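As recorded in Swiss-Prot, the features of this protein are as follows:
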type     : residues                     : note
COMPBIAS : 1-12                         : compositional bias 'Basic and acidic residues'
REGION   : 1-26                         : region 'Disordered'
BINDING  : 69, 72, 101, 118             : isopentenyl diphosphate binding site
BINDING  : 108, 112                     : Mg(2+) 2 binding site
BINDING  : 117, 196, 229, 236, 246, 256 : dimethylallyl diphosphate binding site
SITE     : 140                          : site 'Important for determining product chain length'
BINDING  : 232                          : Mg(2+) 3 binding site
């Protein structure tokens, strides 16, 4: 059976009905209510205040309020013995490096599921993960904004290149942890040269760009990034002071392939116990002490000490040959002596 649609009969009156417009508000009507408050000629949408700014920077300010050992600030002064950067530029670079370092700690603590930072609860456990991530990202851009005051066209490129380097290194560290993949020592050194060395490179390259007497110390900068991370890995397992600030053996709880762990696993690949400990991500102190016993049995902690000594020797050799007796490397050598006391 076929269906047909009858055409609708149109009204002879095709005039559209008149729509009544709302009356204008009376003079007593508050400008804060009603649709008329959105008259863009009257409304100012830029109401950012210092109170709102504190909301954004709260997690960052929380960590920054209790500074660490300020090693990067000390290193800034060491590099300046060589580069003699103008004081105004040096101040900006120092502020930017501190901002980036502190902001990166906020992200690190989330990625590592940490509990303590500098002896205090981590920021995400106070402010929440989402606001903490936002705060860290915000400070990255505040740092970039601050660099614009240097009026140096090369600075932005340096900033971008070194933050890319840092995130590449961080990605590999996280990938190995999350896939339970033990890297080689060479892969580890490449990773830390990027991850830990990224901010060192950033600091040095910006100072070099602002200096009237630039000098090539990049091999020293790269080795400094490596030695700082190897030392951090060792102290995480063996330092009581470190344990009070970050928690005992936190790298084991995180499941991280730190330098002593890598050496131990590769020294005895048939023994899977240490891999299983990393997989469990245990916070049990007895389990972590047992893992350290395994590393001691493979000589991994002593091996780590020897590697540190070897890197120190390499840095000393480069500095002596570059300095030519002028004494500009004294600051770096003194700092190395201070931070490498492991016993």
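Counting starts with 1 at the first residue shown.
Using the three backbone atoms N, Cα and C, a Cβ is placed for every residue, glycine included.
Within 8 Å of the centroid defined by the CB atoms of 69, 72, 101, 118, the record's isopentenyl diphosphate site, lie the Cβ atoms of 67, 68, 70, 71, 98, 102, 105, excluding the listed residues themselves.
Every protein chain considered, the tally of other Cβ atoms within 10 Å of the Cβ of residue 117 (dimethylallyl diphosphate binding site) stands at 23. Put simply, of the binding-site residues 108, 117, 229, 236, the one whose Cα is nearest the Cα of residue 101 (isopentenyl diphosphate binding site) is 108.
For the pair residue 256 (dimethylallyl diphosphate binding site) and residue 140 (site 'Important for determining product chain length'), the C-alpha distance works out to 26 angstrom. In space, 196 is the closest of the binding-site residues 69, 112, 196, 232 to residue 140 (site 'Important for determining product chain length'), judged by Cα positions. When each of the binding-site residues 69, 101, 118, 246 is scored by how many other Cβ atoms sit within 10 Å of its Cβ, 69 comes out lowest. Taking a C-beta cut-off of under 8 angstroms and a sequence separation of 6 or more, residue 236 (dimethylallyl diphosphate binding site) has the following same-chain neighbours: 242, 246, 249, 250, 251, 258. Nearest by CA distance to residue 117 (dimethylallyl diphosphate binding site), out of the binding-site residues 69, 72, 108, is 108.
Here the Cα atom of residue 196 (dimethylallyl diphosphate binding site) is found 16 Å from that of residue 69 (isopentenyl diphosphate binding site). Around the Cβ of residue 140 (site 'Important for determining product chain length'), 16 further Cβ atoms fall within 10 Å across all displayed protein chains. Residue pair residue 108 (Mg(2+) 2 binding site) / the residue listed as 'Mg(2+) 3 binding site' shows a Cα separation of 14 Å. The number of other CB atoms found within 10 A of the CB of residue 229 (dimethylallyl diphosphate binding site), across every protein chain shown, is 22. Binding-site extent for dimethylallyl diphosphate: residues 117, 196, 229, 236, 246, 256, maximum pairwise Cα distance 17 Å (rounded to the nearest whole number).
Separation of the C-alpha atoms of residue 69 (isopentenyl diphosphate binding site) and the residue listed as 'Mg(2+) 3 binding site': 13 Å, rounded to the nearest whole number.
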